[in-house]
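K.L.:
Summarising the annotation, TrEMBL assigns domain 'ZZ-type' to 4-59. According to TrEMBL, the feature domain 'SANT' maps to 65-118. Per TrEMBL, domain 'Myb-like' is recorded for 67-114. The feature region 'Disordered' is assigned by TrEMBL to 304-324, 338-365, 430-450. Positions annotated as compositional bias 'Basic and acidic residues' by TrEMBL: 348-357. Under the heading compositional bias 'Basic residues', TrEMBL lists 434-443.
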Amino acid sequence: MSELGKKYCVYCLAEVSPLRFRCTDCPDIELCPDCFSAGAEIGPHRRWHGYQLVDGGRFTLWGPEAEGGWTSREEQLLLDAIEQFGFGNWEDMAAHVGASRTPQEVMEHYVSMYIHGNLGKACIPATIPNRVTDHTCPGGGPLSPSLTTPLPPLDISVAEQQQLGYMPLRDDYEIEYDQEAEALISGLSVNYDDDDVEIELKRAHVDMYVRKLRERQRRKDIARDYNLVPAFLGKDKKERERAGRRKVTKEEKEVRLRLRPLYQFMSCKEFDDFFENLHKEKVLRAKIRELQRYRRNGLTKMEESAEYEAARHKREKRKENKAAAAAAAAAAAASAAASASSAPAAKKGREDGRDGDPAGLENLPGCELLSDREKVLCGSLGLSPARYLTVKTIIVKDHLQKRQGIPSKSRLPAYLDKQLEAAGVRTTYSVTRRSPRRRKRHPFPAPRENSPFRVKTLFLPLSPRRASCPSPTGGFHHGLLLMSPGHCYY
């Protein structure tokens, strides 16, 4: 049965099963390689007829020196396998060649015959020239590198990324703008039996979804361009402080707020350049006005401007001092006029048996520094708030000097005695021992400076219609205490 599958040369009757040449013009004419090379002719067959090489797949391609006895069919399967599975995938290549070849044998045969062998030396040059061609599309095209280049990551920490739900590798957020946009196409399916109306409706849904995606991407680009995410987290302000950028004025902030709708049409750099140019324009206008002012004043050189500015500042300072002095003089005159007008009114009020009205003191300078009782006292004595504060300061200072052992004499102004005499007030001293349990009161004159008593000045009007309070020794003392450091007596 094995003899039936063999092929024989029609000229020399040699077995040609591994390799034979078949004539394409004459039927059933198959010759061995030796007869074909000798140009054998038999019957209608001629040497110039067309031929076809018939390979049984059992001869060796590399000759007897090839190791392992690889047949031509195995060589063909090896080349198909390396084209299909790629160089290095020796397990799949061995399975494709046949179970008789291991991955190690497949690798060694391919490297030794096709790379380091004569075929590899003839096909692979010693020096490989640079044949790389740049097929990059121009910028802005449909396959522009700007569409595929990864964006720089945001300057936020991992905890802040988790807080925002930001995924940096995908440049997406867990909650995107118009989160329900995908609902337009989530239920779409294309069927072969759809009519034209259904197809157009589905296309309209897809178009709506694409527009929503573009709007979402536009907002993300604006947020990235203007660095809104770090600004939301408070990092943008710190970066600006570290960068030492100029401070934005209030007017510029208002202009930025009015021009905020233009953010979507301008990049962040263009917007910053625009406001920087506005600032430069403002500075140049101020410089031009300053130069024009110099020119009007007869200055033609910048060296003269420093001397001119110094003289101008001195002149303005003198004007300010004169204005302040005039205001102080006017206030003093108004205070004196108010005091002169309030003294008769206070005297008349006491003669009528009623206290002075403190309502007239509200418009005088220094009234806001007085308490309610001090206002009543000033109204009763006809003193202006300014004079009262002066007397109060003198009394407090003298008392502190006496407590520290510094000798001092009474420095009450002369007009105070006249005011007291006009108001019918005499001066007494409240003398208190250093022990708080024993307390005495003595009329004028005052005790000595070295006495173990502390002196409190008390002004008592002679009119019995004044408000009165009980004294420690019985009876009543009439009047109000003008000044008593430490504690107050009535």
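Cβ atoms here come from the backbone N, Cα and C positions, even for glycine.
Whatever TrEMBL says is automated annotation, not expert-curated.
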K.L.:
Give the residue counts of the region 'Disordered' (304-324) per reduced DSSP state, in the order helix, strand, coil.
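P.N.:
Grouping H, G, I as helix and E, B as strand yields 21 helix, 0 strand, 0 coil.
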K.L.:
What does DSSP give as the helix, strand and coil breakdown of the domain 'SANT' (65-118)?
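P.N.:
The domain 'SANT' (65-118) comes out at 36 helix, 1 strand, 17 coil.
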K.L.:
Tell me the residue counts in helix, strand and coil for the domain 'ZZ-type' (4-59), as DSSP assigns them.
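P.N.:
Across the domain 'ZZ-type' (4-59), the residues distribute as 8 helix, 14 strand, 34 coil.
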